[in-house]
């Protein structure tokens, strides 16, 4: 037994040790100091006026007072900080200071949605106790912390840095680092390079999110070693080589696999059938080939399967009969053949079936919809036949029904008229017969009813209603009777298509109540009576076709009040009287056809009448271009546009001179052509739209690989510097050659070359031969708005600059829509088509896809082969396949949201969510916030000017309204944006004009 004196001495030493200060690295005082440095580096939100955030974080506080700080949790025994959660604190910027690593007992650090900027402190990587790190939805940049000499994240279990601006290679996690990691979300950043093989060593990993980066290389098969992995998201904006690793069949715990939109090739590996727990498989938007493996029928837990937009062939496997838990099946835009299996109609949970744009045949499953859950059915553009199943809306949940462009026959089920949840009905281009169910004209949620190109009969009901219906299309059927007055009860109607039917009686005057109507086509019927004067109430009309009817009376002078009317066709009626003289002042009217009527009097020889073809007036014996007073009005059928003898003589001399010159020129041209043909297959010819100090050869010299600055679907763009020092942007169009065979293209480009506007990229000219067209644009040294926002330079474009860019781009689009003659729809408005000059002034670019309104019989809605870019396309295009000015407005609204949020329009918001839906959801979920826009504003920038951002936000949300009729015009957008002082240009706005 030790002596008592020894015990007393030992006890004294223990007491002294307890009383002595702990090492500096392990004291509550040091924790308090680290918290004070963290507070000093954070920026409070300007919207919180009642109390400053973190006001209770008193730098002078002594332990354990720091344990009561907002968002701080301490160990009760030691007063050491073990958790920090500032997500609910209204912060608006700042950075993580390196002193945060002094919190060596910290197990959980959550600072999400706080607008953090700057780089991640390297010392984070060596924090010994850190298990939970959540820095998602900030503006952090730079690389992920590299491995320190000591252990790398030794205790880490959860990492979430989703939606930041981190770049560089992915962190080298895995053996021997971070072996305890369970959750890893690095998505929505700018990481590049390949996925490290070492990720396969993260044996505890359950969640892997790498989506929305810029990764490349092959998806490593080593990931198949992650035996506990439940969710894997590796697609969207990543561009891998190769296909889906067949080794992934070993991921026995996997529940969700999303590899959409990441350039995968090759077949779908049948080994995926071993993933028995899988409930979601998304492989859409890739280049996968081959047939759908029948082995996938073993995935009996599957609830969502999306293989759309690939190059898959073959039939829908019969083995899919076992997939009875499916809620969503998307197979559209492939090359599938065979029938839609009948067993799909028996699936009890099926909500979405989309197989459009394939080569499918046979009938629809007769039991489809009986489960009561079906919401979306789209089988467009196949070769399906049979009748429409009667129970599609048995559960009153059906919203989207699109069966167009098939071979369906029989009648439209009456049950569809009782389906009040329907928003879109498209049954066109089939062989449907019988009357249209009356209920289809009274669907409260419907925004479109399209039944064109069938053999429908009967009459329209007296009750027609619907506050949301924007398109009513019944053309090319056999519907008869009168057009009911109730047609005027559709306030949102934009398109009314009744052509080629058997309608009789007058055009109801109530049609004048349709303020938003842009297109009216009632041609090819048996209408009688006059053109109603009330038509002037349709102030938005762009195209009217009432041809091939039995209309009588005069053309009402009220038609001249339709200020944006582009096309008017009233040919082949029995109209009489004179043409309203004021029609000469309708500058928007580019197409007029009054042929084969009983009109009389003079054709005005001024204004718009100078651009109309003579064929527009034929068949009216009483019309003439100059009626002599002594003639008493009697005219020859051939008196129209009669020239007096002096004018005729002048023109004959001119024509004869031109003919002589043409013969001489042709002889010289033939000799020159023969000489050129010996030198090369096709000489380059330059057409200039202004004085240029360079030649076609100078331009061609610039077509070098090193000069490429952009590639897209329309062509390749080169940065050219001619020998004279002129800088150009040269766009070489894909698949276009020029010559006599392509005069339409030449005429279109020539018209574009006449456009002069401060905020439109000027087309200087074009160079062509028989193999290629080169468009020559003024060079914009600061690139595109898209590059500025998403290419790592976003922080360099401040809020005021963004507001000015928005206003300037809006003015350019406004000019195209409202001041050009003919008016122009851009059709591909996006941030990459808004270019910035040396002063960062915005210029709208790329009219390779633009179509003219009113030209050549076009209407205000043009059929589109290419209707814009993914993420920018207006929702109505999905069911109209047409674009108009409001489509451009929607796309511009998406650009505004890019300016506000700093985010790309798609790819970082989750499955099937774009920027519009994300902004709506985030701002709706936080209705109590002072300004909802602050919840989505770009966090890479300093605190926002709230009034300016609020204005931009309101304009953006107006532009992306679901119903196109609710969107403003670009002229209205310009007016709304001009109310912000920051949106005003530094110099006066240049005059807009088209030069001859």
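The backbone N, Cα and C atoms fix where each Cβ goes, glycine too.
Within the set 646-666, 667-687, 688-708, the record from Swiss-Prot flags 646-666 under the feature transmembrane segment. Neighbours of residue 828 (active site, proton acceptor), defined as other CB atoms within 10 A of its CB across all chains, total 25.
Mapped onto DSSP classes, the repeat 'LRR 6' (202-226) shows 5 helix, 5 strand, 15 coil. Ranked by how many other Cβ atoms sit within 10 Å of their Cβ, the binding-site residues 709, 717 place 709 at the bottom.
Sorting the repeat 'LRR 20' (563-586) by DSSP state (H, G, I as helix; E, B as strand; all else coil) yields 5 helix, 7 strand, 12 coil. DSSP assigns residue 715 (ATP binding site) to a strand segment in the three-state reduction.
Residues 423, 428, 436, 443-461, 496-508, 510-514, 516, 521-522, 527, 876, 879-880, 963-965 of the same chain, all 6+ positions outside the repeat 'LRR 16' (467-490), place their C-beta atoms under 8 angstroms from a C-beta of that stretch.
In this structure, the C-alpha atom of residue 715 (ATP binding site) lies 14 angstrom from that of residue 828 (active site, proton acceptor). On the backbone, the CA of residue 711 (ATP binding site) and the CA of residue 828 (active site, proton acceptor) stand 15 Å apart.
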